[in-house]
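Undergrad: Straight out of Swiss-Prot:
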- 8, 9, 10, 11, 12, 13, 14, 15, 16, 17, 18: ATP binding site (BINDING)
- 194, 202, 205, 208: Zn(2+) binding site (BINDING)
């Protein structure tokens, strides 16, 4: 029986990865982290999406204030607001939380070991325009080797799958449509991406700008737009 563990935030990317895993594995488990993030509403979305997908198991791990940094996601720093993708800052986005994916993947590997699987799925993407160092394929491969050596004594024992790594946001939208089919609107409407923690998205934070652009470029209305305070169109 094939098992996989998904690092699952309840956002667009991890929802797509979880749906894809459900198609490819017999059992799909997920782990979601609470780290005092500003957008804690994503925890509710993670629970709702997990139930909608019928995940075999779903664990919520409370990290509390363990992760610190200057990122507005885990501090009182102001969250950047932008009118369009053209205004997004170059380099590493200020929302970067140092060590976040290192910690998430380490704990995920621990849980995967307990489940008897070496397959971990995570929705990181190099085309995400945020410049996060821990979303690059070179980082993921290094983590897989280190975790494999540290947990199994075998650098190849843990496989960290990154199905969205080379995809644009528009391509991720199209993949979601393909994988979820008739359930696309139902499931994606439950997802949450906005860093400001606004249901349906604030439309101005880094995450909202990229999600909106991806759906527009794909020519697909985002199911969460119906919750947006201001009307959104393609």
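Every residue number used here counts from 1 along the chain in the order it is shown.
Quick reminder: no glycine exception, Cβ is built from N, Cα and C everywhere.
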Undergrad: Helix, strand or coil at residue 18 (ATP binding site), per DSSP?
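TA: The residue in question, residue 18 (ATP binding site), is helix (DSSP, three-state).
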Undergrad: By Cβ count within 10 Å, point out the most packed of the binding-site residues listed: 18, 194, 205.
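TA: Of the binding-site residues 18, 194, 205, the most buried by Cβ count within 10 Å is 18.
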Undergrad: Measuring Cα to Cα, how many Å separate residue 16 (ATP binding site) from residue 194 (Zn(2+) binding site)?
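TA: Their Cα atoms are separated by 16 Å.
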Undergrad: Please list residues from the chain of residue 202 (Zn(2+) binding site) whose Cβ is under 8 angstroms from its Cβ, counting only those at least six apart in sequence.
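TA: Once residues fewer than 6 apart are set aside, residue 202 (Zn(2+) binding site) is near 81, 194, 195, 196, 208.
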Undergrad: Have a look at the binding-site residues 8, 12, 14 and say which one has the shortest Cα distance to residue 205 (Zn(2+) binding site).
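TA: Considering only the listed binding-site residues, the nearest one is 12.
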Undergrad: Quick one: which residues besides 194, 202, 205, 208 have a Cβ within 8 Å of the Zn(2+) site's Cβ centroid, in sequence order?
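TA: For the Zn(2+) site, the extra neighbours are 193, 195, 196, 198, 201, 203, 204, 206, 207, 209.
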Undergrad: Determine, for the ATP site, the additional residues of the same chain whose CB lies within 8 Å of the mean position of the CB atoms of 8, 9, 10, 11, 12, 13, 14, 15, 16, 17, 18; present them in sequence order.
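TA: These residues sit around the ATP site: 6, 46, 49, 123, 191.
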Undergrad: Which residues, sitting 6 or more apart from residue 8 (ATP binding site) on the same chain, put a CB under 8 Å from its CB?
TA: 14, 15, 17, 18, 30, 31, 32, 46, 49, 50, 58
Undergrad: In DSSP terms, helix, strand or coil for residue 8 (ATP binding site)?
TA: coil
